[in-house]
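Read the structure below first, then the notes.
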Amino acid sequence: MISRKSFDDQIKIVHNITYLSGSDEAGRGCLAGPLVVASVILKPDYFNPLIKDSKKLNPKTRQVLYDEIIKNCLDYQIIIISSKQVDELNPLQASLLGFKTTINNLKITPDLALIDGNQNIELTNIKTLQIIKGDDKSFSIACSSILAKVTRDKILDEYDQIYPNYDFKSHKGYCTKKHLLAIQKYGILDIHRKSYKPIKKISKETS
């Protein structure tokens, strides 16, 4: 298997381009908290073999790499989409909004935007390429996944201080047994996604 950096470099050669961006999201499947999307254009000579899918890294390593990526990119953009917005748009449309916004807001217009996943995204004057399991294949996407994950985890850690009974620090808003039990016991919060089936079910049971 070729390295993530080689994957990106080959794409640059094949497409004869200079600026390549990578985009990924964090928190799309969560029951609580925002959806976070990040896009990044890295310096061409930057590489760190430790960088991979953010979910495969421990929190301390992710934070160190987050700081390193910020220092070694030409530009990056992060958008935080609230749980209310996710409910209003639906998770897919919220993700698409995040990808479009962060890519369009980059100070340097990428010649090609690599996006994690298989959903077709069309941008005006910017070519896009969807990469399934992109955070495992592309260095740029892996870097964007770290930016998104670290940003989102910090928000959930803050929620943990505000709502200590829900243990957001451990499950980060995902649908775990402990999280569901806390919702049943202490109630549905404003930061919960009311359109998600587990939340709908608890809402019906407690109404």
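Cβ coordinates come from backbone N, Cα and C, glycine included.
From a predicted model like this one, the values you see are computed outputs, not experimental measurements.
Among the candidates D87, D111, D116, the one that Swiss-Prot lists alongside D24, E25 as binding divalent metal cation is D116.
Neighbour counts were taken at the CB atom with a 10 A radius for the binding-site residues D24, E25, D116; the maximum falls on D24.
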